[in-house]
Amino acid sequence: MRIIGIDPGLGRVGYGIIEIQNEKKIFLDCGVIETNKNKGEGDRLYEIFNDLNTLIDQWKPDIAAVEKFFFYRSSTTISVVQARGVIMMVFAFKSIKVSEYAPSQVKLTIAGSGKASKKEVIEAVMYNLNLTRAPKPDDSADALAIALTKLNEEGFN
């Protein structure tokens, strides 16, 4: 089974790809889809659409896990929600089942506390995937944590 975890955003979409082989979690890839901040919102959303389609075609994940978004009073709220909509649409188009997780649920599952720090989450991701270096940028570490949350739910602790 192969999973892709997604940390949504308009400027950067973090992704992390993990595979289960012989009951073990194997790190495959992580990174970010970065959009051109000098382009309009529609063009940036299209970049996310294109690049996520390319990632899916390359890695062929069986399932996806995406961070749930909660509304905060922020100027970026609408942009993130729009980006997340594009992400969900791509998975629907590719017939990939999506599970959604709140940030506090990811932190609790991965680091043992719903209020875990960014550092604690990164350390837990490194431990769970036997990584010697922290995934960079942080958006990709978050995406791996989201994927690990789904795998934990599936019984791969």
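Glycine too: its Cβ is placed from the backbone N, Cα and C atoms.
As written in Swiss-Prot, here are the features:
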type	residues	note
ACT_SITE	D7	active site
ACT_SITE	E67	active site
ACT_SITE	D139	active site
BINDING	D7, D139	Mg(2+) 1 binding site
BINDING	E67	Mg(2+) 2 binding site
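Shown on the structure are the features that Swiss-Prot records.
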residue	record	Cβ within 10 Å
D7	active site	26
E67	active site	25
D139	active site	23
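D7 (active site) sits 6 Å from D139 (active site), taking the Cα positions as reference. DSSP classifies D139 (active site) as helix under the three-state reduction.
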